[in-house]
Amino acid sequence: MAENDVDNELLDYEDDEVETAAGADGTEAPAKKDVKGSYVSIHSSGFRDFLLKPELLRAIVDCGFEHPSEVQHECIPQAILGMDVLCQAKSGMGKTAVFVLATLQQLEPVTGQVSVLVMCHTRELAFQISKEYERFSKYMPNVKVAVFFGGLSIKKDEEVLKKNCPHIVVGTPGRILALARNKSLNLKHIKHFILDECDKMLEQLDMRRDVQEIFRMTPHEKQVMMFSATLSKEIRPVCRKFMQDPMEIFVDDETKLTLHGLQQYYVKLKDNEKNRKLFDLLDVLEFNQVVIFVKSVQRCIALAQLLVEQNFPAIAIHRGMPQEERLSRYQQFKDFQRRILVATNLFGRGMDIERVNIAFNYDMPEDSDTYLHRVARAGRFGTKGLAITFVSDENDAKILNDVQDRFEVNISELPDEIDISSYIEQTR
């Protein structure tokens, strides 16, 4: 395992491994707007109403988007005018598209100048955001995008910046800071500064220091946008310090975990009964793709191996493997080459795999925030999904009660039979 490879970088800050950096999850923020239980709200107005560039509209049509979601409807009109934005919205509501479209709309590419900087807390999320930029800039051939994160050679990054300087840079704070300090990355022309899953970066003091140092290297006059699914009352003032009179949008209701179309159940069992129960459920449930969350790297490796031995097409992703391997496996799963993914919390936040319709908490998450991020992997984009949580001791039961109390949701015991139409889209 490439432990040193990972630990030498001030980057990965994964939830499941305390020794890299102390995990500090934010708490859900109070609502300013009630979404009335609709997960991806449909607005009659289309993207055309935002008066976007024709090249962007063509790419949006190619991606199959017809109507903006609630968060897009609220944010995009202000964001494309260059306003600072602080936005909290549930997972899967299309936050990424807000800043991708808003920055591409305003971008006037200048050769050799980086004008957009997007940072997030994990390499996988950085990789995914860079792919979104590529998707939406499909008809903007002059726009160059690059992604920089630790675990891969910094020399290659320096080479890219020197020979083929991007207009848009996506990355993790540790690597971005290293490139800025050694003068490879010039931040003097930044016009848009974006933090995705901002609470993750600003709650951890070492990462916050990196972000602050990078921020100070950018011009005073710029647009700042921050997004997250969880934004505690404590972290909001920290976010505001980076901004000038931001528009604040909270498209959420903290008291309800109404992930639209998501069925949630628990199973009481002993720890040594989990494998048998999991195999039985994978046999009887209909699924497109499944994500199974475990609490450690060792359990992740062992369970994936066991599933393969039982003829379940599983693949594992955890922070103990080299970066190239992780990205390659993520892409394999995304491309539907494997239907079952076993993962640590590394995969629990911000990852978009449209075909996932079942999420298992094989091991109970450590708190209600992590529960939200994990189960939101199923039933994203307003589709149906199923979340099943294994409860094996009193601590597990306590966390499940916390989830139910906090989100005012009733998670009932898994029945013997579940109506397939309740958790999978029926195609006729």
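Start at 1 and count along the chain as shown; that gives each residue its number.
Keep in mind that glycine also has a Cβ here, set from the backbone N, Cα and C atoms.
Remember, predicted model here, so these are calculated numbers, not experimental data.
Cβ neighbours within 10 Å of Lys90 (ATP binding site), excluding its own Cβ and spanning all shown chains: 25. Residues or ranges marked as ATP binding site by Swiss-Prot: Ala89, Lys90, Ser91, Gly92, Met93, Gly94, Lys95, Thr96.
Here Swiss-Prot flags Lys36 as SUMO2 cross-link, drawing on similarity to another entry.
According to Swiss-Prot, the feature domain 'Helicase ATP-binding' maps to 76-249, an assignment based on sequence analysis.
For Thr172, the entry in Swiss-Prot reads phosphothreonine, with the evidence type similarity to another entry. In the three-state DSSP scheme, Thr172 (phosphothreonine) falls into the coil class.
The recorded positions Ser91, Thr96, Thr172 differ in how many other CB atoms lie within 10 Å of their CB, and the one with the most is Thr172. For Ser91 (ATP binding site) paired with Thr172 (phosphothreonine), the C-alpha to C-alpha distance reads 20 Å. According to DSSP, Ala89 (ATP binding site) sits within a strand segment. Under DSSP, Thr96 (ATP binding site) is assigned to a helix (H, G or I) in the three-state scheme.
Taking the centre of the Cβ atoms of Ala89, Lys90, Ser91, Gly92, Met93, Gly94, Lys95, Thr96 as the ATP site, the nearby residues of that chain (Cβ within 8 Å, site residues left out) are Ser69, Val71, Ala229.
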